[in-house]
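Colleague: This is the structure I want to talk about, given as structure tokens.
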Amino acid sequence: MMSRFIIEGGKKLEGEMRVSGAKNSVLPILAATVLNGSLNVIHDIPNLSDVKVMTGILESVGCHVKREGNTMIVDSSELDNHEIPEHLVREMRSSIIILGAILSRCGKIKISYPGGCEIGPRPIDLHLKSLREMGTKIEEKHGYLICEAKQLKGCEIQLDFPSVGATENSILAAVFAEGTTIIRNAAREPEILDLENFLNAMGGKVSGAGSATVYIEGVKKLHSVEHRIIPDRIVAGTYLAAAAATKGKVTLSNVIPEHIQSVIYKLREAGCNITCSNQSVQLVSPTKLKAIDSIRTLPYPGFPTDMQSQMMALMTMGDGISVFAENIFENRYKHAEELIRMGANIKVDGRVAIIRGVPKLTGATVSAKDLRGGAALIIAGLAAEGTTIIENAKHVDRGYDDIHEVLQQVGAQITKV
Ligand SMILES: CC(=O)N[C@H]1[C@@H](OP(=O)(O)OP(=O)(O)OC[C@H]2O[C@@H](n3ccc(=O)[nH]c3=O)[C@H](O)[C@@H]2O)O[C@H](CO)[C@@H](O)[C@@H]1O
Ligand SMILES: C=C(OP(=O)(O)O)C(=O)O
């Protein structure tokens, strides 16, 4: 049976919300646990369906995985397989991040092509180009990638685009490579720095992550490691947008304000009063939301594509016109149609969406088409008059740890059935 969210809109969010560990850090870091052939103790792991898929991948190659609350212990000492089951790869686009890690540890990997997903085609040409430059032989047949590299060699990689996944796969592949690898035009997302910190804590020699040039000096051996995942900046941004949509007042804990500056900047433009301290952010909503002139998604530190849908939900109620440009993914406006069912005024033309604010949204039955689009519908439902039913809640489970419970604690009337 398909799960759904049921929301009675119109309740102000008020109180404190704790932000969970970052999905986009956990996935590459879990992939990296195969490297040390030893124990990995990782704290603040969110309870997400994507984490379950990555756990399944680790178990399929012979890792022992134990979860104790939000701590996960991965023992990769008995790793004995380099073929990744296709059903797991198909379930999650980012399972491709295991490629660099297994190749590094085993010198070979067989994995099915991840293919496209709801938000666009998502090719992996940049991942493969980098791995080839490091000396990997890659055969692409019958939907599978068969990769082999007896000894990867450090080299200079120039990425055509600062792809997050290609940067991570190149770093993972370079950990045991002979010599030094330099990645230029690397993605600068905070999750890449979290991966660097994790690898260095197990004896790796990575530097520069968070900047456009990353250096990886190959090492011969790694050891056991203990690490805490950074807070999820997209979850933080989603909670702030939800509070703003309900004219609420919330304080987020476990958040790194610097990671969400681009989002805070836009929320201030909408009239929100935001104060940041060390690990917390407080938002007080205005009585009337203003339209934000424009939102253009860009690689970090630009405005994140993963916050585009949630901000669009908010701007459906802004006073005036907002123009959005989605520059990262080709097909990331599926939530617009659903928001229109709730009374929003949105016109989409290719990469651009024009949102004319309306005085109020009304509850409706809508369907989540992807993860962040689902979060956007929750935000709209919390603000709308009447009842909203969001079908396909499973998309939201990929990236939010019990979002309905977190929202209930600050006064939302939302259930998941
Ligand atoms: C698990 C994870 O961390 N996921 C994030 C990661 O995804 P992901 O790592 O897949 O995103 P990328 O940064 O690689 O993709 C950005 C753009 O580059 C293109 N591209 C990418 C690789 C490639 O080989 N060829 C190519 O053309 C993609 O199609 C896309 O248009 O970064 C995205 C962009 O911030 C986020 O939305 C995702 O939440
Ligand atoms: C697109 C996203 O994730 P993924 O790359 O895991 O599909 C996301 O987190 O919004």
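Placement of Cβ uses the backbone N, Cα and C atoms for every residue, glycine included.
Please treat TrEMBL annotations as automatic predictions, because they have not gone through curation.
Summarising the annotation, TrEMBL assigns domain 'Enolpyruvate transferase' to 8-407. Taken from TrEMBL, the feature phosphoenolpyruvate binding site covers Lys23, Asn24. The UDP-N-acetyl-alpha-D-glucosamine binding site annotation in TrEMBL covers Arg93, Arg122, Pro123, Ile124, Asp125, Leu126, Asp306, Ile328. The active site, proton donor annotation in TrEMBL covers Cys117. Sequence annotations record features per position, and here TrEMBL assigns 2-(S-cysteinyl)pyruvic acid O-phosphothioketal to Cys117.
Structural setting of the listed features?
Modeller: When averaged over the domain 'Enolpyruvate transferase' (8-407), pLDDT in the model lands at 97.
According to DSSP, Lys23 (phosphoenolpyruvate binding site) sits within a helical segment.
In the three-state DSSP scheme, Ile328 (UDP-N-acetyl-alpha-D-glucosamine binding site) is classed as coil. Using a 10 Å radius centred on the Cβ of Ile328 (UDP-N-acetyl-alpha-D-glucosamine binding site) and all shown protein chains, the other Cβ atoms total 21.
For Cys117 (active site, proton donor), the same-chain residues lying six or more positions away in sequence with a CB closer than 8 A to its CB are Arg93, Asp370.
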Colleague: What count of other C-beta atoms do you get within 10 angstroms of the C-beta of Asp306 (UDP-N-acetyl-alpha-D-glucosamine binding site), across all chains shown?
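Modeller: Neighbour count, Cβ to Cβ under the 10 Å cut-off: 24.
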Colleague: Checking the binding-site residues Arg93, Pro123, Asp125, Leu126, Asp306, Ile328: which ones have Cβ within under 6 Å of ligand 2?
Modeller: Arg93, Asp306
Colleague: When you measure from the Cβ of Pro123 (UDP-N-acetyl-alpha-D-glucosamine binding site), how many other Cβ atoms are you left with inside 10 Å?
Modeller: 13
Colleague: Show which residues of the chain containing Lys23 (phosphoenolpyruvate binding site), separated from it by at least 6 in sequence, have their CB under 8 Å from its CB.
Modeller: Pro46, Leu48, Asp50, Val51, Asp232, Ile234, Val235, Arg398, Gly399
